[in-house]
Amino acid sequence: MRAVECGERHNFARARKGYLSLLSGPKARSGDTADMVAARRSFLDSGLYSQLAAEVARCAVEEAQSGSALAAPADEVPAAEEPAAEEPADSPAPLTVLDAGCGTGYYCAAVLSACAEAGVAARAYAFDSAPAAAAAAAKAHPRITAFTWDVYRPLPLEDSSVDVILSVFSPRVPAEFHRVLKPGGALITARPTQKHLAALLQSHDGTVSIDEHKESRLQRSLEPFFAEGERRLVNHPLHLSARQARELIGMTPSAWHIDPHVFTDDVTAEFSVVVSPWHRRPGGQADR
């Protein structure tokens, strides 16, 4: 896919770094700088968040296998670079994954690899407003097509066109997620508990605190559109070198509040994240 065209016949070409830029008009604001993306890529490459990636991938594959959108065998789906027209006309459509706020594409790549291992053909669209993140996502897996896009805007996707949506430490737009998700599809969320990295975030001046109302806000925003499935808690000690602690702080919004360079010693924190599938409600209304 070297270029795309919208309904008004505007062309959007692939950037030299591999992603397609759909942003035009007023520039989207992104909380992620190039340095933050670089820190995230280095940190995630260390494997310290691999248990979370595995759980997100496991959840996505289970939803794909139990949902209404089972796909072709994994060896029949083309890479994202190949024209869709090259698929045989009678070939079952591959599972379509949307990673909204994809970052470096780390979790999306884990999902696609797990799908391939399970024999489920899949491809992914990865959106992020930070060009550096979209460039990293474009290289994370051959079946990812990455775009720069502000996920707070209406998504540039047709109704009922996506089988699985990933929202891992990223913004959630429930109405738009509901619109683009197919009946029988699932939204996979990963969000921190109050214990997540608390010791690390508060280890110096204590100015960064865990928002105790974040989970209740999530529930209120999603429940009119989705029904939550089984929660999975990923919880384990996280042993960090000083460099890894600096990268971890530097890759998150906490970098605006804590100078990463204050971490000069190894540190242990608690990793605590909840992964949940959310199933699309018919009509987008809670069952009452």
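Note that Cβ sites are derived from N, Cα and C of the backbone, with glycine treated the same way.
Here TrEMBL flags C6, H10 as Zn(2+) binding site.
The S-adenosyl-L-methionine binding site feature in TrEMBL is assigned to Y49, T104, G105, H196. According to DSSP, G105 (S-adenosyl-L-methionine binding site) sits in a coil region rather than a helix or strand. Around G105 (S-adenosyl-L-methionine binding site), the C-beta neighbours below 8 angstroms that are at least 6 residues distant in the chain are D99, A126, A136, A137, A138, K139, A140, H141, I144, A146.
What TrEMBL lists as compositional bias 'Low complexity' is 70-82.
Residues or ranges marked as region 'Disordered' by TrEMBL: 70-92.
Feature annotation from TrEMBL assigns domain 'Methyltransferase' to 97-185.
In this view, Y49 (S-adenosyl-L-methionine binding site) is surrounded by 24 other Cβ atoms within 10 Å of its Cβ, with every protein chain counted. Residue counts for the domain 'Methyltransferase' (97-185) under DSSP, helix first, then strand, then coil, are 29 helix, 28 strand, 32 coil. The average pLDDT computed for the domain 'Methyltransferase' (97-185) is 96.
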